[in-house]
Amino acid sequence: MNLLRPKLKYFILAILIIAADLYTKYLANTYLEFAQSLKITSFFNLTLLYNHGAAFSLLSNDQTSWQMIMFSTISLIAAIVLIYLIIKQPITEKINLFSFALILGGALGNFYDRAFQGYVIDFLDFHIGNYHWPSFNIADSAITCGVVILIAASLFTKKKS
């Protein structure tokens with residue numbers, strides 16, 4: 001346990017992301033009408049949607065049980081790999097640890113939805129005029145931020161010789 005103590009904050013971050021994700025999805029599901037946009041700004045709405053597909057609603061028209069099982073399994077495997085990476089990553093690799101925690105929290109937030117509801121709740125709707133970016137949620141945001149940070153770190157960090 002002493003080996004994990006310095007990394008505890010990264011697991012706490014993942015748990016906080018899961019909590020924020022599930023709570024905001026609960027609020028969206030409770031207070032928003034399905035597929036009805038609540039205008040917040042000229043470029044942002046809250047719109048409750050149920051995503052049976054992958055990220056950004058890919059494959060969402062094919063609502064089969066194999067698809068739910070496949071996406072749930074992928075999320076669970078990703079979470080296990082990320083937990084392993086956090087445990088094995090040197091404590092000095094803070095950017096990687098932070099990124100892994102973001103991705104882990106997001107993966108588990110969406111896994112929960114798929115496993116217990118059969119779909120992921122999306123509600124954040126950004127748009128320019130009539131062009132809408134696919135709706136997403138806090139978990140998707142955490143995953144995206146984690147991946148972008150990992151890519152940026154790999155591009156802009158000098159390798160140790």
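The backbone N, Cα and C atoms fix where each Cβ goes, glycine too.
Under the heading transmembrane segment, Swiss-Prot lists 8-28 (among others).
Marked as transmembrane segment by Swiss-Prot: 40-60 (among others).
For the transmembrane segment (67-87), same-chain residues at least 6 beyond its ends with a Cβ under 8 Å from one of its own Cβ atoms are 4, 7, 10-11, 52-54, 59, 96-97, 100-101, 103-104, 107-108, 110-111, 114-115, 118-119. Annotated transmembrane segment per Swiss-Prot: 67-87 (among others), in sequence order.
Residues or ranges marked as transmembrane segment by Swiss-Prot on the basis of sequence analysis: 91-111 (among others).
Residues annotated as active site in Swiss-Prot: ASP122 (among others).
According to Swiss-Prot, the transmembrane segment annotation covers 136-156 (among others).
Counting Cβ atoms from all protein chains shown, ASP140 (active site) has 21 others lying within 10 Å of its own Cβ. Secondary structure at ASP140 (active site), taken from DSSP and collapsed to helix, strand or coil, is helix. What Swiss-Prot records for ASP140 (among others) is active site.
Taking CA atoms as the reference points, ASP122 (active site) and ASP140 (active site) are 9 Å apart. Packing against the transmembrane segment (136-156) from elsewhere in the chain are residues 17-18, 20-21, 24-25, 55-56, 95-96, 98-103, 105-110, 120-124: each is 6 or more residues past its ends and has a CB under 8 Å from a CB in it. Counting every protein chain shown, 25 other Cβ atoms lie within 10 Å of the Cβ of ASP122 (active site). For the recorded site, ASP122 (active site), the DSSP three-state label reads strand.
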